Amino acid sequence: MPPAAERVPWRWLAAGRASRRLVLVVVFVALLLDNMLLTVVVPIIPTFLYTTEYEGANSSVAAARTEPAPPALKAPPFSSMFSYFDNTTVTVSGSTSTMELANGMENSPLPQPPASSPPRMSSCLEGEEFLDKENVRVGLLFASKALVQLVVNPSVGLLTNRTGYHIPMFIGFVIMFVSTVMFAFSGTYTLLFIARALQGIGSSFSSVAGLGMLASVYTDDFERGNAMGIALGGLALGVLIGAPFGSVMYEFVGKSSPFLVLAFLALLDGALQLCILQPSKICPESTKGTPVVTLLRDPYILVAAGALCFSNMGVAMLEPTLPIWMMQTMCSPKWQLGMAFLPASISYLIGTNLFGILANKMGRWLCSLIGMAVVGISLLCVPLAKNIYGLIGPNGGLGFAIGMVDSSMMPIMGYLVDLRHTSVYGNVYAIADVAFCMGFAIGPSTGGAIVRAIGFPWLMIIIGVINIAYAPLCWYLRNPPAKEEKIAILSQECPMQTKSHTTQKTLRDFPLTDDSDVEAENAE
């Protein structure tokens with residue numbers, strides 16, 4: 001092979017490592033797989049636990065009750081020997097039913113059990129009490145991912161400041177692959193719980209490192225908003241594909257099939273990261289980032305984090321409770337449990353891509369305010385649905401509105417750090433991910449308990465009113481003060497430097513090369 005031909009792949013690889021678009025592709029794919037795994041379990045877990053625990057327990061009880069039946073079947077041959085001599089002894093041997101049938105009696109109790117079954121529709125599941133308890137158990141299982149992610153996120157933010165974004169991103173891939181394989185072969189509630197918690201650790205590494213990486217590469221605020229919208233499109237696409245894909249594969253192929261497909265896609269993502277990001281290379285931030293505690297004292301960051309938390313809490317409450325409510329009230333088959341989330345996923349995909357561009361023109365604070373109001377109204381309309389078609393409108397509006405909030409708030413978090421703090425993004429996106437995870441931790445864990453106590457409609461009313469009441473707070477993000485004005489807003493216990501800095505920085509190749517720091521100093 002000619003030397004020039006051998007150099008072509010290496011030139012392409014070197015060009016790819018310096019391309020911001022390929023970095024965006026890596027983050028897009030990572031968020032896609034993370035959220036596919038997040039939602040693929042939504043239609044699978046409730047029906048899988050019902051099949052393995054409720055129906056399995058009832059079948060064993062039924063088998064135990066039918067064990068004495070064989071001796072009864074053996075009795076007629078034994079009594080028939082006596083009936084050969086004396087027919088009057090047949091009643092003593094327990095074969096009165098055969099004698100009654102011979103005499104034409106029709107008062108036998110055997111036809112009665114089938115008469116009790118018609119009141120329940122054939123497609124509805126039995127075990128109302130079990131389904132009510134399952135609300136809580138499924139909610140805790142879904143919330144375990146977000147709870148673990150909530151704890152791990154601050155540590156990942158500190159790790160990215162010390163090692164850069166490449167290594168945490170690859171660690172997230174490894175953990176996500178292990179979690180996916182564990183989901184495929186877990187057959188008990190405990191193992192599923194552990195797999196979900198592992199997913200939380202992997203998701204923390206992937207999301208914090210990925211969003212921080214994008215913010216460091218796209219330094220212009222307008223370009224950053226567009227890039228965040230595209231990356232959140234990967235998140236939306238994962239949510240879009242996950243639930244319908246899981247329900248169809250579980251119904252027609254089996255429980256393990258969707259997870260094995262995701263594991264294969266995760267391997268492809270890992271190979272892409274190895275080629276583009278060079279995860280063995282440590283690239284610490286040249287500037288020390290603002291501490292997490294200082295960022296948490298910034299009221300504007302707290303308002304933005306609260307909007308992310310409460311808007312996503314609504315769909316987080318729907319994930320464990322809506323499928324069970326459909327099983328109880330609509331008698332829905334398995335495949336419909338995932339398809340119910342399809343309108344929300346499609347509209348979320350449209351919303352994130354559309355308002356990634358429009359939000360910068362009309363004002364991100366206004367997009368967030370309108371989005372939270374629409375989230376609340378949509379949640380109030382969910383209990384009005386009588387069948388799966390009645391869920392199209394509320395779920396579609398819910399997904400579109402959450403897309404408005406997410407595509408507006410993620411760039412705002414980076415903009416607030418540029419405006420009011422040091423432009424190092426690991427910690428602020430750790431806070432954004434913590435807010436996101438708080439919604440997905442509090443939502444499922446409390447939603448199941450609230451449904452069991454006061455019912456599903458009241459749960460939707462509560463979270464809908466909370467979103468509508470929080471929406472006006474987004475007005476404070478309309479014109480946040482710059483860094484010089486921060487001392488007048490924050491407490492005196494948090495002194496900060498008052499010199500200003502611009503959000504425009506010299507754009508350098510990514511990943512950073514060994515000579516990049518020298519070039520930046522010469523440019524200055």
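Placed from the backbone N, Cα and C atoms, the Cβ positions cover glycine too.
All TrEMBL annotations are machine predictions without curation.
Positions annotated as compositional bias 'Acidic residues' by TrEMBL: 512-524.
Per TrEMBL, the feature domain 'Major facilitator superfamily (MFS) profile' maps to 72-482.
The region 'Disordered' feature in TrEMBL is assigned to 500-524.
TrEMBL lists 21-45 (among others) with the feature transmembrane segment.
Sequence-distant neighbours of the transmembrane segment (171-195) (same chain, 6+ residues past either end, Cβ-Cβ under 8 Å): 30, 33-34, 37, 41, 45, 49, 52-53, 137, 140-141, 144, 201-207, 209, 255-256, 259-260, 262-263, 266-267, 269-270, 273. Annotation source TrEMBL lists transmembrane segment at 171-195 (among others).
Annotation source TrEMBL lists transmembrane segment at 201-218 (among others).
Annotated transmembrane segment per TrEMBL: 230-253 (among others), in sequence order. Within the chain carrying the transmembrane segment (230-253), a Cβ under 8 angstroms from the stretch's Cβ atoms is held by residues 24, 27-44, 47-48, 210-211, 214, 261, 333-342, 344-346, 348-349, 351-353, 356, 399, 403, 406-407, 410, all 6 or more beyond its ends.
The feature transmembrane segment is assigned by TrEMBL to 259-279 (among others).
Under the heading transmembrane segment, TrEMBL lists 300-318 (among others). With a threshold of 8 Å between CB atoms, the same-chain residues lying at least 6 positions outside the transmembrane segment (300-318) that come near it are 142, 146, 341, 344, 368, 371-372, 375-376, 378-379, 382, 398-399, 401-402, 405-406, 409, 412-413, 416, 420, 428, 431-432, 434-436, 438-440, 442-444, 446-447, 459-460, 463-464, 466-467, 470, 473-474, 476-477, 480.
Residues 39, 42-43, 225-226, 228-230, 232-233, 235-237, 239-248, 315, 318-319, 322-323, 326, 332, 367, 388, 391-393, 395-404, 406-408 of the same chain, all 6+ positions outside the transmembrane segment (338-358), place their C-beta atoms under 8 angstroms from a C-beta of that stretch. Marked as transmembrane segment by TrEMBL: 338-358 (among others).
Residues 307, 310-311, 314, 318, 322, 355, 358-359, 391, 393-395, 397-398, 400-405, 407-409, 412, 456-457, 460-461, 463-468, 470-472, 474-478 of the same chain sit 6 or more residues outside the transmembrane segment (365-385) yet have a Cβ under 8 Å from a Cβ within it. Summarising the annotation, TrEMBL assigns transmembrane segment to 365-385 (among others).
Remote same-chain partners of the transmembrane segment (397-417), defined as residues 6 or more beyond its termini with a Cβ less than 8 Å from a stretch Cβ, comprise 211, 215, 221, 224-225, 228-229, 232, 235-236, 290, 295, 298, 300-301, 304-305, 307-308, 311-312, 314-315, 318, 343-356, 359-360, 364-365, 367-368, 370-375, 377-379, 381-382, 423-425, 428-429, 431-432, 477, 480, 503. Under the heading transmembrane segment, TrEMBL lists 397-417 (among others).
Look at TrEMBL and you will find 424-443 (among others) tagged as transmembrane segment. Sequence-distant contacts of the transmembrane segment (424-443), counting only residues of its own chain at least 6 positions beyond either end whose CB sits under 8 Å from a CB of the stretch, comprise 142-143, 145-147, 149-150, 153-154, 156-161, 165, 200, 204, 207-209, 211-212, 215-216, 285, 287-292, 295-296, 301, 304-306, 308-317, 319, 409-410, 413-414, 416-417, 463.
Among the features that TrEMBL reports, transmembrane segment is placed at 455-477 (among others).
In the predicted model, residues of the domain 'Major facilitator superfamily (MFS) profile' (72-482) average a pLDDT of 79. Below 8 angstroms of C-beta separation, residues 138, 141-142, 145, 169, 172-173, 176, 179-180, 183, 192, 196, 199, 202-203, 206-207, 210-211, 213-214, 217, 227, 230-239, 241-243, 245-247, 250, 255, 258-259, 262, 265-266, 269, 272-273, 276-277, 319-320, 323, 334-335, 337-338, 341, 345, 510 of the same chain, each at least six residues beyond the ends of the transmembrane segment (21-45), sit close to that stretch.
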